[in-house]
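S.K.: Submitted below is the structure of interest, expressed as structure tokens.
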Amino acid sequence: MKKKILRSGRPLMAALIALSLIFQSGCGFKDIDKRIFVLSIGIDHTDNERKPFKIILKLAVPSGSLKQSGTKYTYLTKESESLASAIRLLKTHVDKEIDFGHAKVIVFGEGILHHDLREVMDFFIRRRDIQRVSWVAIGTPTAESILKAEPASEMAGSHALFNLFDQNGVESSYIVSTFLFDFRRRVLERGIDPILPNISSSKDKMKIIVNSSTLLANSKKPLKLTPQETKLYNLISNNVQRLDLIIKKDKLLYTVSIDSAKTNFKIITNPKHRPVIKMDVTMEGIIEESNQHMDPQKLNLYSKHASKEAEKNITAFLTKLQENGADPLGFGVRYEATRLHTKDTFKEWKKLYPEMTFDVSVKASIMSTGIVE
Amino acid sequence: MSRYFFYLVFVNMIANVVASVPKILISHREDGAIVSMILSFFSGLVFCYIVTRFFNLFPGQGLPELTRKYLPRWVSFPVLLLIAGSWYIAGLITLVTFSFLLKRFLTPDMPLPWITSTFLLFLTYGILMKSRSVLYTIEFVLLCCLPIIFVITLKAYTTPELRWDFIKEAVMHIYHVPDFSAFSASTYLLLGGFNLIIFNRLFKREQHINWKNMLFIGLAGGASLVTTYFVPIGINGFESIGGIVYPWITTSDALRLEFFVVERVLYIFLLLYLAISFLSVLIHWHVTLELLKSIIWFKRLRWKKRNLTPFLFIGLFWFVSLEIVTYLTEYQLIEYTRYFLNYLLCSFAVMFGLFLFIKRRAEV
């Protein structure tokens, strides 16, 4: 009899431990129907000195069936002196727990750019539930107008802004995608400057356009880049593989579609010569459009024209960056990465950068004239 | 060498990420982290080699058996107590750090003592197992985790967001004088072999560590040391990494597996390290318990034919962990970890003295 009791001791113990899980009532877990998910967060500047921040949250309204109800969003806005307190207050505006786990786009209004970016960004990088892989962008004229735009092509369950930056849906050489962690390191690091895509929306709020970008060189005014410059930036920072080049030579006008591109650069400082940044770009592509008959035997010549054109454009772009003291490509970091560190490395670089000359050599090779000659 | 020996070494290499080692190394990135890492790599390998060679001389015997045989009790008692203490703290640091991590990232609404208690519940069962079962557990869990860790590491190295310029910038700070804290922190990676002080009891057949084994450990250790230090810098930037409390957690959050079940690597990473840190604490505390059992044993403390001494120690383990976990702040934890790792390195002088002494007495 006694042996029997002993044998049943272990299972009993195990059962007791398992049963103790019942006491875990206050776990704080909330069911999914008690949560509402934030899709994107926007921050605008108000003119009110006391409450400079205006926060806008775009929330996905949960619905029973997608087919019936289509896409529905709701918005929350609040002005406050700190983002955290605004969000605490916004919690009282909805009947559910606000969940930031799926917030993937953060939009800064243009007005906020004059603020110290560290201060604005702090909330996002300090909180645990905001993804470090969410995209950061600038909304013109305000973040609110971007968030409230509902493009006609937007489908239920797939937010238009996500598709624009994720290189799965839209693949474009005009779009710069900047992750939050990338933005952070560019803001804090010396020798590399943040660059953010610019989103604008049409007046009827049915369209969202992203094709330009803004450079935020530290302690300088934001510098807007045109779509063409944005494309060049994407090319030389190895962000994109596919892009198009338009080449005009005498009467011949043709477009080359590049499908693979690679850029390397080197900083050469020699006491005898002027310091130079040597940039090599190799591209490969085919002709996409032309206003004249293309001779396949002259492909080499066409390639040469294309290289010349690209060299000219890139040099002009780099010079513009240099004149504005902006460095989104990380020349400064490269300088520090190739010279043994001393106290003055970065000071040297700051003196050197305005004097730099650019030696860009592009090697474009056009492989085909397309389906027709 | 038996493959189980390598598991012991590997767990320490992988688990260092949750033991504040990257944080300590990174805080010295501008004063000598790299030279310290290079130095510690070699000294760590030498330590590993010495301890394995020593225990190869005594197959099937752990440190308690050897001290009992060759040392007077008044020497062995304090020494073993000291070693048990260090091993306990090593486990405790992993436990507390990971409890903090869970509280911060996975279960923010759960009170800290609860999280620790759940951990402790499973650990209690684990460390009371036979040493052999502990080794089997380690093998199983490690083999499940290693492929995923490998994939994440590969992902970290191949992501275009890893800027090699930041890494090179870090390398350019190579000429600084090494720092002791950085040195001891990175040596910790290679100290897994010291768990032989108990686990050698199981390696009954005669074993010899050869240069192939050492090469293997060296390669794995070097790779994990380099990854531990350089990947967070490459992802977060050389200067801006300084302000980050958990460098590796932030780094894993910056990775993105677009077409995986979970997009955010952070959560996979945390679950993975939940398993790894469990292993680490399991090993350290199992060693602690066995050491304590060998020096303190109350024969009279019996209940139903079972000696209750181990449960006494377990109770102590629970009490201390729960006290510490509620007392420490994150900052203090890193500071104390730094002191502990420094102390650990110094205490090995005593350990090697002990080895030398035993070897002389045993005349082998």
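Note that Cβ sites are derived from N, Cα and C of the backbone, with glycine treated the same way.
Sharing the features that TrEMBL gives for it:
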- B:5-26: transmembrane segment (TRANSMEM)
- B:32-55: transmembrane segment (TRANSMEM)
- B:75-100: transmembrane segment (TRANSMEM)
- B:112-128: transmembrane segment (TRANSMEM)
- B:140-160: transmembrane segment (TRANSMEM)
- B:180-203: transmembrane segment (TRANSMEM)
- B:215-235: transmembrane segment (TRANSMEM)
- B:265-287: transmembrane segment (TRANSMEM)
- B:308-328: transmembrane segment (TRANSMEM)
- B:340-358: transmembrane segment (TRANSMEM)
S.K.: Which stretch, B:32-55, B:180-203, B:215-235, B:265-287, B:340-358, tops the Cβ pairs under 8 Å count with the transmembrane segment (B:75-100)?
M.R.: B:265-287
S.K.: Report, as numbers and ranges, every residue of the chain located at least six residues beyond the transmembrane segment (B:265-287) whose Cβ falls under 8 Å of a Cβ in that stretch; write 'none' if there are none.
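M.R.: Tertiary neighbours of the transmembrane segment (B:265-287) are 8, 11-12, 14-15, 17-19, 84, 87-88, 90-92, 94-95, 97-98, 101-102, 105-106, 119, 122-123, 126-127, 129, 131, 134, 137-138, 141-142, 144-145, 148-149, 152, 155, 195, 197-199, 248-249, 252-253, 255-257, 317.
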S.K.: Other than its close neighbours in sequence, what residues sit by the transmembrane segment (B:180-203), given a CB gap under 8 Å and a spacing of at least six beyond its ends?
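M.R.: Beyond its ends, the transmembrane segment (B:180-203) has Cβ neighbours at 2, 4-5, 8-13, 16, 19-21, 24-25, 28, 32-33, 36-37, 39-41, 43-45, 47-48, 51-52, 55, 58-65, 83, 131-132, 135, 217, 221, 224-225, 228-229, 283-284, 286-287, 290-291, 338, 341-342, 344-345, 351.
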S.K.: So, do the transmembrane segment (B:32-55) and the transmembrane segment (B:215-235) meet, by the test of 3 or more Cβ pairs under 8 Å (sequence gap 6 or more)?
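M.R.: Between the transmembrane segment (B:32-55) and the transmembrane segment (B:215-235), contact is present.
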S.K.: For the transmembrane segment (B:215-235), name the stretch out of B:5-26, B:140-160, B:340-358 with the most CB-CB pairs under 8 Å.
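M.R.: Between the stretches B:5-26, B:140-160, B:340-358, B:5-26 has the largest tally.
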S.K.: Under a criterion of three or more Cβ pairs within a distance under 8 Å and sequence separation of at least 6, are the transmembrane segment (B:140-160) and the transmembrane segment (B:5-26) in contact?
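M.R.: Yes, the transmembrane segment (B:140-160) contacts the transmembrane segment (B:5-26).
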S.K.: Which residues of the same chain, at least 6 past either end of the transmembrane segment (B:5-26), have a Cβ under 8 Å from a Cβ in it?
M.R.: 33, 36-37, 48, 52, 90, 93-94, 97-98, 101, 135, 138-139, 142, 145-146, 149, 181-182, 185-186, 188-193, 195-196, 199, 203, 207, 213, 216-217, 220-221, 224, 228-229, 232-233, 241-242, 245-248, 273, 276-277, 279-280, 283, 333-334, 337-338, 341
S.K.: Sequence-remote contacts (6 or more beyond its ends) of the transmembrane segment (B:340-358), Cβ cut-off under 8 Å?
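M.R.: Counting only partners 6 or more residues beyond its ends, the transmembrane segment (B:340-358) has Cβ contacts under 8 Å with 21, 24, 47, 50-51, 54, 66-67, 70-71, 79, 82-83, 86, 89-90, 93, 180-181, 183-185, 187-188, 191, 194.
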